[in-house]
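Visitor: According to Swiss-Prot, the protein carries these features:
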type	residues	note
SIGNAL	1-15	signal peptide
DOMAIN	24-245	domain 'Peptidase S1'
DISULFID	30-161	disulfide bond
DISULFID	49-65	disulfide bond
ACT_SITE	64	active site, charge relay system
BINDING	76, 78, 81, 86	Ca(2+) binding site
ACT_SITE	108	active site, charge relay system
DISULFID	133-234	disulfide bond
DISULFID	140-207	disulfide bond
DISULFID	172-186	disulfide bond
DISULFID	197-221	disulfide bond
ACT_SITE	201	active site, charge relay system
């Protein structure tokens, strides 16, 4: 059994152990600045992953998106052009969860401290951490600049959105026998056709105004019976708060 993670580098895909389902397939172009907490993680060459602004100086993302140097781009809609109001801030600290497992993607969560605080406005704002875990069938919003097709590559300039429900723990485990830990949940449509995928990794799953998930991994994007798998943010509230307080 092998899962694969796919990172896009200038149009080329590099397969690594573990599969990252980090794009939006079957979604729609988000209305401009509908998702003001969404950030793009840039490696100096291109967009690599998504993330979420949770305070004026901290971003939440996936641990498998880690790079030694990252620039956080806020207030973006079209990531290929400057539209006005964007803020580009280098990362000061990039902190992966100490128990992150790159083989199983358990604890796939990371915090990024910005070198300077973001200026909060209508284009750049924070998303709330959850007060409790999301319930089955909760409707959530997933967003990102990832691949928009299941086969091949078609990466959008404009931020894409997808509304999808949280699936039951039993159906999630049935879709991925032996691979789902208590720190993961599935979201999407078992019939396929709509999903997150390559390029959306690290991005937000927001339910009722709270960030409940981080785009983590999956099988072939939008494949029947293989929904996207997300990091369960509600399990990490203490770690998030302690890490921010200590850094």
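Glycine is no exception: its Cβ is also placed from the backbone N, Cα and C atoms.
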Visitor: Could you work out which of the disulfide-bonded residues (30, 133, 140, 172, 221) has its C-beta surrounded by the smallest number of other C-beta atoms within 10 A?
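Guide: Relative to the other disulfide-bonded residues in 30, 133, 140, 172, 221, 133 has the fewest Cβ atoms within 10 Å.
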Visitor: Among the disulfide-bonded residues 49, 65, 161, point out the residue whose Cβ has the most other Cβ atoms within 10 Å, with all shown protein chains included in the count.
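Guide: Top count of Cβ atoms within 10 Å goes to 49.
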Visitor: If you run the three-state DSSP split on residue 234 (disulfide bond), which class comes out?
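Guide: DSSP call for residue 234 (disulfide bond): helix.
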Visitor: Fill in the CA-CA distance, residue 161 (disulfide bond) to residue 86 (Ca(2+) binding site), as an integer in Å.
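Guide: Taking the Cα atoms only, residue 161 (disulfide bond) lies 19 Å from residue 86 (Ca(2+) binding site).
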Visitor: Tell me which of the recorded positions 76, 86, 108 sits in the most Cβ-dense spot, judged by other Cβ atoms within 10 Å.
Guide: 108
Visitor: Measure from the CA atom of residue 108 (active site, charge relay system) to the CA atom of residue 201 (active site, charge relay system) and give the result in Å, rounded to a whole number.
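Guide: So the Cα of residue 108 (active site, charge relay system) lies 10 Å away from that of residue 201 (active site, charge relay system).
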Visitor: If you compare CA-to-CA distances from residue 78 (Ca(2+) binding site) to each of the recorded positions 49, 64, 186, which comes out shortest?
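Guide: Of the recorded positions 49, 64, 186, 49 has its Cα closest to that of residue 78 (Ca(2+) binding site).
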Visitor: Using other CB atoms within 10 angstroms as the count, which residue among the recorded positions 81, 186, 207, 234 scores least?
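Guide: Each of the recorded positions 81, 186, 207, 234 was scored; lowest Cβ tally within 10 Å is 81.
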Visitor: Counting across all protein chains present, how many other Cβ atoms fall within 10 Å of the Cβ of residue 201 (active site, charge relay system)?
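Guide: Result for residue 201 (active site, charge relay system): 31 other Cβ atoms within 10 Å.
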